[in-house]
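Engineer: Next up is a structure, given as structure tokens.
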Amino acid sequence: MNPFILTTLLLGLGLGTTITFASSHWLLAWMGLEINTLAIIPLMAQHHHPRAVEATTKYFLTQATAAATLLFASMTNAWLTGQWDIQQMTHPLATTMIIIALALKIGLAPMHSWLPEVLQGLDLTTGLILSTWQKLAPFALLMQIQLDNPTPLIILGLTSTLVGGWGGLNQTQLRKILAYSSIAHLGWMMLILQFSPLLTLLALITYLIMTSSVFLIFKMNKATTINALAISWTKTPILTALIPLVLLSLGGLPPLTGFMPKWFILQELTKQDLATLATLAALTALLSLYFYLRLSYAMTLTMAPNNLTGTTPWRFSSPQLTLPLAISSTTATLLLPLAPATLALLTT
């Protein structure tokens, strides 16, 4: 892609998200989401592969549906209450429609079906943008909506953790596994959103760091299936030893970074007298942990039968920058000792 066009599209992505962040008016927030969507579509279709075009079409249709629902809901709210302010959503009909629209935008269950299919058709770099940056603007809106009854968000969150864990069990494509991982993590964020928005923000930041690390690692190895992971030791042996730690951190296993937000979320749910909900969420996390363990096993304890040409890619150096990979991987595994300081910041 022409570097000037690429720069324009990336600036469009940044502009759309910034507009949504800065808006207090639903029309301006909708405009930012639309700019965001229109900026990423050429990036998704840049390779002109049939799967990429199909994924782009699916993404466009779902995002257009979500944006139309959001605009309709905000107009309904303005009609019923006479104001457009994001933080003054008072009518339950408009609020429910907006939550459904934003859930469709980020891929929460049961509006999740598009996410694995779209992510599967993209290259790893665009998939990284879709899994991280594209989540920020809808989350900024979700965090500003105050509900009298948190039950809808709890149902969405619990369904997402269950679907995200269950859906990834039988997958062999890494991008689909990461899509279901995204659904499960978004579910954890939804569970705690109405009780502690700061915890949701912490979970989102740690998810972004860990997912970025995993995508960059797979991009370095040029791996898109579980079988391709089995020969990664011939390309990057040191990185192969590090990847299971990053994957288990995504699964929320102590003493890794990913354990911190889940620990805090379970603690906060228990404080809110929702011990049953906390138990169910912890049980659904075991489903996700299974397929992270499966990936770790494929990388470290198996070796795919390959001919000589299958094991030669290690001879070619990767043009990828290693500094973002090093920073994200280190952060994704070693931040748990900062948990007391993080908890102190969240409670002050």
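Heads up, the Cβ atoms here are built off N, Cα and C, so glycines get one too.
Those TrEMBL annotations? Automatic predictions, nothing curated.
Source: prediction; values computed, not measured.
Below are the features listed in TrEMBL for this protein:
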type     : residues : note
DOMAIN   : 23-287   : domain 'NADH:quinone oxidoreductase/Mrp antiporter transmembrane'
TRANSMEM : 60-80    : transmembrane segment
TRANSMEM : 92-115   : transmembrane segment
TRANSMEM : 151-170  : transmembrane segment
TRANSMEM : 177-195  : transmembrane segment
TRANSMEM : 201-218  : transmembrane segment
TRANSMEM : 238-254  : transmembrane segment
TRANSMEM : 274-293  : transmembrane segment
DOMAIN   : 289-342  : domain 'NADH dehydrogenase subunit 2 C-terminal'
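So that I understand the layout, could you describe where these features sit and how close they are to other parts?
Structural biologist: Residues 96, 99, 103, 108-110, 112, 116, 176-177, 180-194, 277, 280-281, 284-288, 290-291 of the same chain sit 6 or more residues outside the transmembrane segment (151-170) yet have a Cβ under 8 Å from a Cβ within it.
Remote same-chain partners of the transmembrane segment (274-293), defined as residues 6 or more beyond its termini with a Cβ less than 8 Å from a stretch Cβ, comprise 154, 157-158, 161-162, 164-166, 168-169, 171, 177, 180-181, 184, 187-188, 191, 247-248, 250-253, 262, 265-266.
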Engineer: At a C-beta cut-off of under 8 Å, are there same-chain residues at least 6 beyond the transmembrane segment (60-80) that contact it? List them, or none.
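Structural biologist: Sequence-distant neighbours of the transmembrane segment (60-80): 26-27, 30, 33-34, 37, 41, 89-91, 93-95, 97-98, 100-102, 104-105, 114, 118.
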